[in-house]
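In TrEMBL this protein carries:
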type: TRANSMEM; residues: 12-31; note: transmembrane segment
type: BINDING; residues: ARG82, GLY116, ASP137, SER184; note: S-adenosyl-L-methionine binding site
type: BINDING; residues: GLU185, GLU188, HIS189; note: Mg(2+) binding site
Amino acid sequence: MELHESVMQSNGVVIFRLVLAFFRFVLVKMFEKTSIAFLSLVEGLSMKGTAEDDVATFDQLSKRWWEPNGPMILLHRLNKLRVPMVVEGLIKVGKLDRKQRYTTDALKGLNILDVGCGGGIYAEALAKLHANVVGIDPARHLIEVAKAHAEAQSDIKDRCHYYEQSMEEHWQGAANKYDVVVLSETIEHVVDKSSLLKHVAEVLKPGGSVFISTWNKTSWSWLLAVVVLENIMKRLPKGSHDYDKFVSPEETEAILEAYGCRTIEQRPFYLKFWESEWVWVPFNQLTYALHAVKG
């Protein structure tokens, strides 16, 4: 009797192990199929547009650029993080006095270049703090929108100047001209990031600051930017982001370092997409902002 029970228990263990092995096999196969599907989706959704395609995409949105709750809502909301970061960053490096943190003219007298300025959302916010801002963008219709919007505001129209130019065109007559250069949601649309940041370093004054905000190069950033925001929620223009052009903070820092700009701060942030609100976060898987200083 005891022998029979022992055999039954032994058979039960064998059956359990076989069932466990079966489920393990099924899970592995499911993972393989899911991985293949995921990679196919990546290939399908990562639309590898040219620089001209990117310009055309944003040009088409020019008429609605200044609608606070329109297609560019995420850029309008991003000012909540990126403008204070410029002020705080300049205080940290001694370019501004701490007392200027909350003043309405905190950036008075500073010359700032906004690379990839679009319709001027970021540039105008900096000009309202009394900076002298130059915005450049190769998208003609966006530059027209930026000029018209600034011209209609007497408090900033003399401090905002826009040009239909790429950085490659602009830098040649602007060596050591700017106290600050900002590139917000710009570098992820550029193929030759090294050339772009080289020119950024060249137009900065010694001791000048560059502020960059962009998407990290991770699967999570691709999922949020391309799948969720472009294709599901339609909060970003479809086809405007190509994962191959995303750049990690480590690579951005290394390029800047090669051209004499030392990174002094890197801060990850995240989009609460259900509320269209950007917030600073402790994890660096999605988007990040970076501040570097030219030595």
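Cβ atoms here come from the backbone N, Cα and C positions, even for glycine.
Feature map: TrEMBL annotations on the structure.
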{"residue": "ARG82", "record": "S-adenosyl-L-methionine binding site", "contacts (Cβ under 8 Å, 6+ apart)": "TYR122, VAL182, SER184, PHE211, SER213, ALA289"}
{"residue": "GLY116", "record": "S-adenosyl-L-methionine binding site", "contacts (Cβ under 8 Å, 6+ apart)": "ILE136, ASP137, LEU183, SER184, GLU185, THR186, HIS189"}
{"residue": "GLU188", "record": "Mg(2+) binding site", "contacts (Cβ under 8 Å, 6+ apart)": "THR214, TRP215, HIS241, ASP242, LYS245, PHE246, VAL247"}
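The Cβ of GLU185 has fewer other Cβ atoms within 10 Å than any other of the binding-site residues ASP137, GLU185.
Annotated Mg(2+) site GLU185, GLU188, HIS189; additional same-chain residues within 8 Å of its Cβ mean position, judged by their own Cβ, are GLY116, THR186, ILE187, VAL190, THR214, TRP215, SER240, HIS241, LYS245. Comparing the binding-site residues SER184, HIS189 on other C-beta atoms within 10 angstroms of each C-beta gives the minimum for HIS189.
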